[in-house]
Amino acid sequence: RPTNTSLPELHLTGIPGLQHLHRWISIPFCIMYLLTLAGNSTLLCVVKADPSLHLPMFLFLSMLAVIDLVMSTSITPKMLGIFWFHSSAISLDACLTQMYFVHAFSVMESGVLVAMAFDRYVAICNPLRYLSILTSPVVAAVGLAALLRAAVFMSPLTFQIRRLPLCSPAVVDHSYCEHVAVLKLAGGDAAFSNTYSLSVSTYVGGFDSLLVALSYALILRAVLSLSSPQARKKAFSTCGSHLCVMALFYIPGLLSMYMGRYHQELPPHVQVLLADIYLLIPPAFNPLIYGIRTKQIRDGARRAISR
């Protein structure tokens with residue numbers, strides 16, 4: 001039955017159909033969260049402490065680290081509370097706040113990944129003009145643009161759900177307040193929210209991943225012209241690992257969204273696990289792939305430790 005949006009609280013089910021495995025599922029989720037906290041915090045400390053790392057590449061990497069910390073922290077503690085203590089209740093305001101942070105910071109992450117791909121393209125294909133193209137004001141403007149785009153795209157979704165009447169029992173079949181899962185509780189006309197979220201997700205995921213693929217295609221073309229086999233091998237290895245992490249961000253996110261809408265016969269836990277993967281795995285692996293594998297970061301860490 002419809003109620004108004006002053007509904008005191010909602011209840012998250014965790015991973016539907018796999019509640020009996022919550023304790024086991026919590027182990028890799030907790031490990032990934034600890035990796036996210038340790039890796040991204042260390043990366044931020046190393047970049048801040050070493051002036052030689054105050055370059056566009058590492059500034060974008062720092063933005064990514066902050067986004068990953070916020071995105072993971074907005075969902076994982078509550079998720080672990082559900083898995084460990086059956087703490088499924090969440091107030092409507094907290095749910096909408098979580099939804100906003102998750103989706104807005106996902107859009108921000110996508111924008112920063114595009115900026116990082118462009119940064120690599122300029123560094124490899126136009127190295128002599130690198131610092132004249134990616135000046136500090138340009139880097140700041142790119143970060144601000146990613147933030148504003150996320151706020152502009154995601155604010156209407158949250159406000160629209162706030163206006164819709166919700167149906168009780170207010171049970172969200174998800175491990176966090178994901179937009180589509182919460183929208184299923186709507187008792188009013190949710191056509192706008194459905195169409196808008198699908199359009200934004202398709203645009204951000206499709207357009208941004210296309211720009212990333214284009215940047216790396218141009219990078220690979222430049223790499224293939226290198227005379228040194230060792231340089232080619234190193235560049236292929238770097239590009240390959242970057243693309244793998246980006247694929248783990250874009251593909252599960254888009255799949256979970258489309259499956260939730262068009263493949264109702266799929267087990268719900270498949271959709272929820274896909275949605276969890278794209279928010280948990282990339283933040284844990286980004287510091288390893290972009291940070292520890294980068295010689296300047298390793299050198300900066302050594303200098304910080306020696307000091």
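From the backbone N, Cα and C atoms, a Cβ is placed for every residue, glycine too.
These features come from TrEMBL:
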TRANSMEM  24-46  transmembrane segment
DOMAIN    39-290  domain 'G-protein coupled receptors family 1 profile'
TRANSMEM  58-80  transmembrane segment
TRANSMEM  100-118  transmembrane segment
TRANSMEM  130-152  transmembrane segment
TRANSMEM  203-224  transmembrane segment
TRANSMEM  236-258  transmembrane segment
TRANSMEM  270-292  transmembrane segment
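Between the transmembrane segment (270-292) and the transmembrane segment (58-80), three or more CB pairs separated by 6 or more residues in sequence fall under 8 Å, so the two stretches touch. Here the domain 'G-protein coupled receptors family 1 profile' (39-290) has a mean pLDDT of 87 out of 100.
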